[in-house]
Amino acid sequence: MLRRVPLLGAAIGVVLALWLVAANDVGAVADAFGRVGLLGIVAVVLVRVAIIGLCGIAWARTVTGLAAVAAGPFVLLRFVREGVNVLLPVASVGGEVLGARLLTFWGVTGAASAAGILVDMFFQVVTQALFALTGVVLLSQLEGEQAATLTAWCAKGLVLSGIVLAAFFAVQRYGGAAYIERQVTVLARRFAAEGGTVPAGGGVQAALDAVWDLRRWLPLAQGFLLHLAAWFLGALEIWIALRCIGIEGVTFAEAVVLESLSQAIKSAAFPVPSGLGVQEGGFVLLGSLFGIDPHTALALSLVKRVPDVVLGVPALMAWQTIEARRGLMVKAPPAI
């Protein structure tokens, strides 16, 4: 049943996206998208490359000193994680599971890989909450009932997110990872080749304790700040796209509001793969606060999806290449 949730989410997202397109002038959407131009698209893609690169390095910093792997594989696997999450019906978390598994191909144990991905996910979500909080603070400065209502709802959502994040941290930090450990150990035995550096105790909880060791505060802080920088860099995609479309009055602060809250809406709808339809609706809603018409908002969403495809397809190909090379490394059984 759970496997059908992403498929159901995808179906709902497609229906929502088609409704949004049908309810607006398709020609106007195409015209606004066309005004971005090739250079604008390239600029947005390059910004996305920088964002994914920062996130890959942030992931590497979480296990620095615990796994003898350079930052390169982490950046590569971060691209794979993104490609899986945005192009496959995996409810936005399949990429993380796959990334943890593929990391074991570089000699990292299943326990250390699982711990690293859990901490990386925690940093990513916490920094997104801070990014969204920035957007809410900026949004609260706008006049109008719609802005005030949206600000109130977003504030309530952030409070709920804070409770969930506190629980997530407690599970990792204070010995509550027993259930997770059992599940990941099963996956590790099935998929991962043992080897590399084994944290004391060899289990997920022991690996988490090693990652969260207070003596590692510097690499952890670096990973946290890199994720935070990546979120704010995402607002540059919005700013570039709107400037290219012809909305020259947009400020970077407005781009931060659009990016932070649209990402928050998309994350809240995590069962819908890649937020299909949800992202588009979010831009239409948020864009209206800044005088951006619906067809321009839809064009903006399409521009944001271009890097998903341009970078996601090669990422999926890289995944298959990694799997194939791993298969070649497995020794064939001796002939009888």
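The chain as shown is numbered from 1 upward.
Including glycine, each Cβ sits where the backbone N, Cα and C put it.
The annotation transmembrane segment is assigned in TrEMBL to 33-51, 115-138, 150-171, 224-242.
Sequence-distant neighbours of the transmembrane segment (150-171) (same chain, 6+ residues past either end, Cβ-Cβ under 8 Å): 122, 125-126, 129, 132-133, 135-136, 139-140, 177, 180, 261, 264, 268, 285-286, 289. With a threshold of 8 Å between CB atoms, the same-chain residues lying at least 6 positions outside the transmembrane segment (115-138) that come near it are 55, 58-59, 62-63, 66-67, 96, 99-100, 103, 108, 151, 154-155, 158, 161-162, 165, 168-169, 172, 177, 180, 199, 204, 207-208, 210-212, 220, 223-224, 227-228, 230-232, 253-254, 256-257, 259-261, 263-264, 267.
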